[in-house]
Structure formats: C-alpha cells, structure tokens
Amino acid sequence: MEGVILASSALFTVYIGAKWSAQEEEPEEKQLINKRLAVLFPIFGGVTLVLMYLALRYLSKEYIQLILQGYASLASIICFVRSFNPKTTFGKITATMSSIAIALFYFKTKHWMASNILAWALAANSISIMRIDSYNTGALLLGALFFYDIYFVFGTEVMVTVATGIDIPAKYVLPQFKNPTRLSMLGLGDIVMPGLMLALMYRFDLHYYINSTSQPKKHSTYFRNTFIAYGLGLGVTNFALYYFKAAQPALLYLSPACIVAPLLTAWYRDELKTLFSFRSETEDETDEQDKCKST
C-alpha cells in the first residue's frame, strides 16, 4: 500500500512539473540540458554521492545533516514560493511566510509529511525549470542514469547508505502500515529525471497540436503514453521491491519505460523523423506556446 501512495505522489509530481514546464518564464530561469550536460549528469551525481558517503563514514553525521537540511530547506522555500507564483506583494509575503513555517516545522520535528511537502516543491520545480533540448538528449540522459542506478544500488552500498543515512527533503517517505517505525521511500531522482522526459513530451505535444490540422484532438498522445509507461514502471519497481525484499534501482525500470514509450508512439504514428528533429526552447516553440495560451 505504501508503494501505491508513493507512486501516486510521483505521478502527481511529474504531471504538475510537466504542465509548469510549458508555461512562459523569464529566459534566465530556464536551464536547458543538452547532450554534453546529459553525459555529465551521472558523473557529477556519482561524485557527489561518493563524497556524501565518505562524509557519513568519516565525519560527524549530525553536522553533515544539519548543513544539508539547511541547504535543502532553503532551496525548498524558494521552490515553494515559486509554486504559488504570487503576483502581488501580499501574495509573495503570504507564500514566503507559509513556506518558511513549513520548513521550520520540518527542521524542528523532522516530520515525514513536512519533508514530503518540501520535497514536492523541489521536484515539481526542478522538472519545470530543467528542460531537455531533444528526445535524443533525454534518451541519452536516462540511458546513462540506467547504468548509474544499477551500479550504485547493486554494485555498492553507497546509494542505500546515503539514502537511509541522511534525513533531508530529497525523497518521498511514508511510514509502513505494518511497522510505522520503518519508512518506505522514493528518491527525487527517480521522479525528476524521468519527469524531464515527460515534460519534453508535453511540450512536444503542444508543438504538434499547434502545427497539426489533421488530428487536433490527439495533442496529448506522447505525454499520455509516456505518463502511462512511467506509471507502469513504478508498478514494476514496487513489485520488484516486494518480490526481492531488497532495495531496487528504480531507474532500471523507469528509464526504459520513458525512453521506449515516445519511440513506440512515434513509430506507430509514422512520426519518428518529427520526434527526432524536435528541439525544445526554440523561438518557434515559444511562439507556439504563446499562441496556444491565447486560444
């Protein structure tokens, strides 16, 4: 049951993040991910993970947690305010005070619900801000993370040690119903990274909808199919956790699902060339989004 709730939370997060990714924003707020950055992501992620693992082993755990909790809480406050998108001064003050109150409550109690709220703000905003520039880049990123996740979960104790040893709002957690003292968890990386591909497919659908005159009612096809595939991947992950009774690299199941779903959709619709040639955040795409908003 915990797995179903965590999976539902992940689906809600990627849905909101994908929708937000198509909203008009200031150019400096957009972080475009190209193929070079896609290759560097797992490298930097691996280095960071190992450094955190070494810090946990050889430094004071309490000191490390305090620093990371403070940093994560500050980032969550910024993301939480951004989620409300207040237009007035009063709205900005209200949103800021509300987010600070939640962060302080988490900092004081470490309650899992407050942690999840902050984690949601981080994840949804990350999906909306970080934007993959093409399907090829997304496939490269998820493909690299596929091997990254397998190695660090099955090949070493690093990821499991860091995930369970550091209590920061960088994962969704839920007390197990049979044993409330134990927590089920889903890392934000398993939400944000596939979510970037889902967000790209949402923008691709928007692009296709504007340019298509033959099938205007099927403008959510790619996003819908990839969203379903992601949900099925989460289901397989939960089954693997239940069957093997051990930590699982979620991207082992989620990466192939989110890579193959758009590919099969494009193949079935005879749109492989269109999918491979689409580039996100071009001037044309921005114009198309503006047109869509005005209709």
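Including glycine, each Cβ sits where the backbone N, Cα and C put it.
Note that the structure is predicted; figures quoted are calculated from it, not measured.
The annotation active site is assigned in Swiss-Prot to Asp149 (among others). DSSP assigns Asp149 (active site) to a helical segment in the three-state reduction.
The DSSP secondary structure for Asp190 (active site) is helix. Residues near Asp190 (active site) in space but far in sequence (CB under 8 A, at least 6 apart, same chain), listed by position: Ala10, Thr237, Ala250, Leu251, Leu254. What Swiss-Prot records for Asp190 (among others) is active site, and it gives similarity to another entry as the kind of evidence.
For 22-35 (among others), the entry in Swiss-Prot reads topological domain 'Cytoplasmic', with the evidence type sequence analysis. When pLDDT values are averaged over the topological domain 'Cytoplasmic' (22-35), the model yields 73.
The topological domain 'Lumenal' annotation in Swiss-Prot covers 57-63 (among others) and is backed by sequence analysis.
Per Swiss-Prot, topological domain 'Cytoplasmic' is recorded for 85-89 (among others). Listed as Cβ neighbours of the topological domain 'Cytoplasmic' (85-89) (distance under 8 Å, sequence separation of 6 or more from its ends, same chain) are residues 95.
Feature annotation from Swiss-Prot assigns topological domain 'Lumenal' to 107-111 (among others); the stated evidence is sequence analysis. Across the topological domain 'Lumenal' (107-111), DSSP assigns 3 helix, 0 strand, 2 coil.
What Swiss-Prot records for 131-139 (among others) is topological domain 'Cytoplasmic'. Summarised by DSSP class, the composition of the topological domain 'Cytoplasmic' (131-139) is 5 helix, 2 strand, 2 coil.
Summarising the annotation, Swiss-Prot assigns topological domain 'Lumenal' to 161-183 (among others).
As annotated by Swiss-Prot, topological domain 'Cytoplasmic' applies to 205-221 (among others), with the evidence given as sequence analysis.
Per Swiss-Prot, the feature topological domain 'Lumenal' maps to 245-249 (among others); the stated evidence is sequence analysis. For the topological domain 'Lumenal' (245-249), the list of distant contacts is 149-150, 152-154, 159-160, 237: same-chain residues at least six beyond its ends, Cβ to Cβ under 8 Å.
Taken from Swiss-Prot, the feature topological domain 'Cytoplasmic' covers 269-295 (among others).
For 1-21 (among others), the entry in Swiss-Prot reads transmembrane segment.
Here Swiss-Prot flags 36-56 (among others) as transmembrane segment, drawing on sequence analysis.
With a cut-off of 8 Å between Cβ atoms, the residues of this chain six or more beyond the transmembrane segment (64-84) that come close are 52, 55-56, 91-92, 95-96, 98-100, 102-103, 106-107, 117-119, 121-122, 124-126, 166-170. Residues or ranges marked as transmembrane segment by Swiss-Prot on the basis of sequence analysis: 64-84 (among others).
Listed as Cβ neighbours of the transmembrane segment (90-106) (distance under 8 Å, sequence separation of 6 or more from its ends, same chain) are residues 73-74, 76-77, 80-81, 84, 114-115, 117-118, 121, 169. Under the heading transmembrane segment, Swiss-Prot lists 90-106 (among others), citing sequence analysis as support.
Sequence annotations record features per position, and here Swiss-Prot assigns transmembrane segment to 112-130 (among others) based on sequence analysis.
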Quiz prompt | Winner by Cβ pairs under 8 Å against the transmembrane segment (140-160), considering only 112-130, 184-204, 222-244, 250-268 | solution = 250-268
Quiz item: Between the transmembrane segment (112-130) and the transmembrane segment (1-21), do 3 or more CB pairs sit under 8 angstroms, pairs being 6 or more residues apart?
Solution: yes
Exercise. Could you put numbers on the helix, strand and coil content of the topological domain 'Lumenal' (57-63), residue by residue per DSSP?
Key: 5 helix, 0 strand, 2 coil
Quiz item: How many neighbouring Cβ atoms, not counting its own, are there within 10 Å of the Cβ of Asp149 (active site)?
Solution: 25
